[in-house]
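Annotation source Swiss-Prot lists topological domain 'Cytoplasmic' at 1-29, 76-107, 173-179, 251-269, citing sequence analysis. Taken from Swiss-Prot, the feature topological domain 'Extracellular' applies to 47-58, 126-153, 196-230, supported by sequence analysis. Per Swiss-Prot, transmembrane segment is recorded for 30-46, 59-75, 108-125, 154-172, 180-195, 231-250.
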């Protein structure tokens, strides 16, 4: 039932591990690209949201954020939140080791951070119409996120990456227009529901930091948010999606590591 999708995810995990080991610069550049792509989506939705009545703002922002994951998937790049699912399935299928997984994840996160801050800098240098005004929702949302309780951030992070990984999972299982609809619906649900995505928050926080933010907005608050949201994102990617679909697949249908390790299987992803 899920064997083919697990095969593709595990083969992608092997590809990620090879890229990280054999071409570290390429891996970091690709990770930075993912952070930048998500950042472009954040700039888009906050530009639109700043103009809208609060009653319709979540729907419009959610309906337009699909560009972020579409760029990550279709253009190709290395996104931390998606890696939590891919690498977990790679470990279970035997295409990578636990050590490789936990070495790659922080590198991906840091690469995403570099790209997120870079695109925020470009926006700031380009005039950044959202940044000079202290009433901009960039600043109010960033402050609210950095002062939220840890438990709220953790569980919103878990719910968020459940949807993001579902979007990626469904994109793997579908073709054509259905692929884009899967991404669109899941990201609409994530943004409109107010969930927390560590990489999306990176750009938002950088945007606010480079602008006219409140004195209550601090680096400690940013670190607080990113810590708990990252942990929540990791929980859902590893447990809900990676382990969830592995154990939802009958043992007799789970892929054999020897089969997945064939070079042609990795090349097909």
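From the backbone N, Cα and C atoms, a Cβ is placed for every residue, glycine too.
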**Study point:** the transmembrane segment (108-125) in contact with the transmembrane segment (231-250), cutoff 8 A, at least 3 CB pairs, sep 6+
**Key:** no
Exercise for review: Given the cut-off of 8 Å on Cβ pairs that are 6 or more apart in sequence, determine whether the transmembrane segment (231-250) and the transmembrane segment (154-172) share at least 3 such pairs.
Suggested key: yes
Point to revise | Contact set, same chain, for the topological domain 'Extracellular' (47-58): CB under 8 Å, 6 or more residues outside the stretch | key: 64, 129-130, 136-138, 191-194
Review point. Which bits of the chain, at least 6 residues beyond where the transmembrane segment (30-46) starts or stops, bring a Cβ under 8 A of a Cβ in it?
Key: 19, 60-62, 64-69, 71-72, 75-80, 107-108, 110-120, 123, 130, 136-138, 141, 191, 197, 199-200, 202-204, 206-207
Review point. Would you list the DSSP helix, strand and coil counts for the residues of the topological domain 'Extracellular' (196-230)?
Key: 24 helix, 0 strand, 11 coil
Practice item. State the non-local partners of the topological domain 'Cytoplasmic' (173-179) in its own chain: residues 6+ outside its ends, Cβ under 8 Å from one of its Cβ atoms. Key: 5
